[in-house]
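What TrEMBL lists as domain 'BAAT/Acyl-CoA thioester hydrolase C-terminal' is 204-411. Sequence annotations record features per position, and here TrEMBL assigns active site, charge relay system to SER232, ASP326, HIS360.
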Amino acid sequence: MAATVTLEPAGRCRWDEPVRMVVRGLAPGQPVTLRASLRDEKDALFRAHARYCADAHGQLDLERAPALGGSFAGLEPMGLLWALESEKPLLRLVKRDVQTPFAVELEVLDGHDPEAGGLLGRAVHERDFLAPGMRREIVRSGRVRATLFLPPGTGPFPGILDLFGSGGGLCEYRASLLAGHGFAVLALAYFRFEDLPEYLNNVCLEYFEEAVDFMLQHPKVKGPSVGLLGFSKGGDLCLSMASFLKGITATVVINACVANTIAPLHYKDMIIPNLSSDPGKYKITESGLLNLVDIWNDPLEKSNHRSLIPLEEAQGPFLFIVGMDDYSWKSEFYAQIASERLQAHGKDRPQIIYYPGTGHCIDPPYFPLCRASVHSVLGQPVFYGGEPKAHSRAQVDAWQQIQTFFHKHLNGKKSVKPSKL
């Protein structure tokens with residue numbers, strides 16, 4: 001093979017870290033195709049490719065050379081990762097076992113035909129989810145089913161509880177990556193895991209209160225409060241936790257509703273009904289996917305007022321991450337309701353960051369956009385929205401904003417970066 005592929009940093013790095021890719025040993029101006037491929041834990045193949053031309057010195061630096069076409073175009077140094085697509089339709093790239101890395105195979109092919117070109121160079125790039133020295137502790141404390149990630153060092157560290165959405169199960173990849181930035185993060189399951197309920201029929205806030213107490217009593221968690229990070233259904237659960245429970249001073253929600261959704265929420269002698277919906281209002285896209293954005297009734301209608309979460313009771317600030325191309329529900333509208341409600345009660349407005357072209361599933365950086373997938377509970381293909389390039393840039397920015405927000409409100413550090421988007 002004539003070409004060499006150099007990666008900086010060399011060797012293994014975290015999934016949420018950028019990597020510089022440079023190809024050397026090409027002819028001046030030589031046309032080549034770069035191809036990336038990755039297999040997930042279920043052996044599903046994800047691929048991306050882009051066409052380039054070497055510079056006058058026979059070198060190709062992806063931080064300087066724009067892609068001429070393929071899975072993406074333009075100057076996109078990390079495009080070969082965020083543009084990965086499954087060979088099988090409707091598959092989302094997720095990391096199920098954070099104790100093993102993803103191995104990304106990078107190939108340099110002669111010419112601009114990714115299937116016919118001869119192989120000129122190759123490298124395997126490992127991207128992992130556990131920083132060196134990080135501890136992963138399985139938590140089975142009382143009713144709590146979770147995994148705790150602790151950064152290296154003696155601590156104590158600011159604590160965060162991390163909740164995913166209506167797919168259920170225990171998702172660890174976001175918590176493990178966030179812990180790599182100096183936080184003690186508890187990835188918390190709340191249904192469809194081990195002996196937890198299989199379905200979201202009724203939700204008891206006492207379960208989440210027990211998880212908060214576990215964190216506050218942990219010797220490696222810096223008190224006297226913790227933060228919350230929630231996506232989709234996990235987002236409205238975080239809003240409820242912040243509004244009713246003690247010991248919470250910073251809450252970040254990603255594409256969340258301001259009303260309780262899907263199932264009634266119980267806490268002591270109180271019940272918050274779930275926001276009503278009309279499943280008959282779903283639409284089918286041209287590709288045959290479910291568009292659910294219109295099935296949810298307006299939480300501001302009088303009949304739905306009891307489902308609204310009393311955000312004004314919360315002890316700390318909120319950050320709303322909003323994908324403006326979210327087709328799961330009206331995240332932008334819900335964030336505005338939150339802002340108006342807090343102001344009406346004399347509270348500070350939440351911080352809201354709007355991301356154009358961004359769909360429902362906002363992950364840590366460099367995960368490919370999930371525009372549609374088969375929902376694990378509904379069993380139907382659902383359209384989530386988003387445009388790949390805009391969504392990728394939003395994920396990079398949102399990840400930084402989340403860290404900055406938590407460092408400021410849990411650690412007392414000042415904000416270092418305003419959003420660029």
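Cβ coordinates come from backbone N, Cα and C, glycine included.
No curator has checked TrEMBL annotations; they are predicted automatically.
Feature annotations (TrEMBL) mapped to structure.
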{"residue": "SER232", "record": "active site, charge relay system", "CB count, 10 Å": "27"}
{"residue": "ASP326", "record": "active site, charge relay system", "CB count, 10 Å": "24"}
{"residue": "HIS360", "record": "active site, charge relay system", "CB count, 10 Å": "26"}
### Summary
Taking every residue in the domain 'BAAT/Acyl-CoA thioester hydrolase C-terminal' (204-411), the average pLDDT works out to 96
#### Entry: Distance [Cα-Cα, Å, rounded] between SER232 (active site, charge relay system) and HIS360 (active site, charge relay system)
8
#### Entry: Inter-residue Cα distance where the pair is HIS360 (active site, charge relay system) and ASP326 (active site, charge relay system), in Å
5
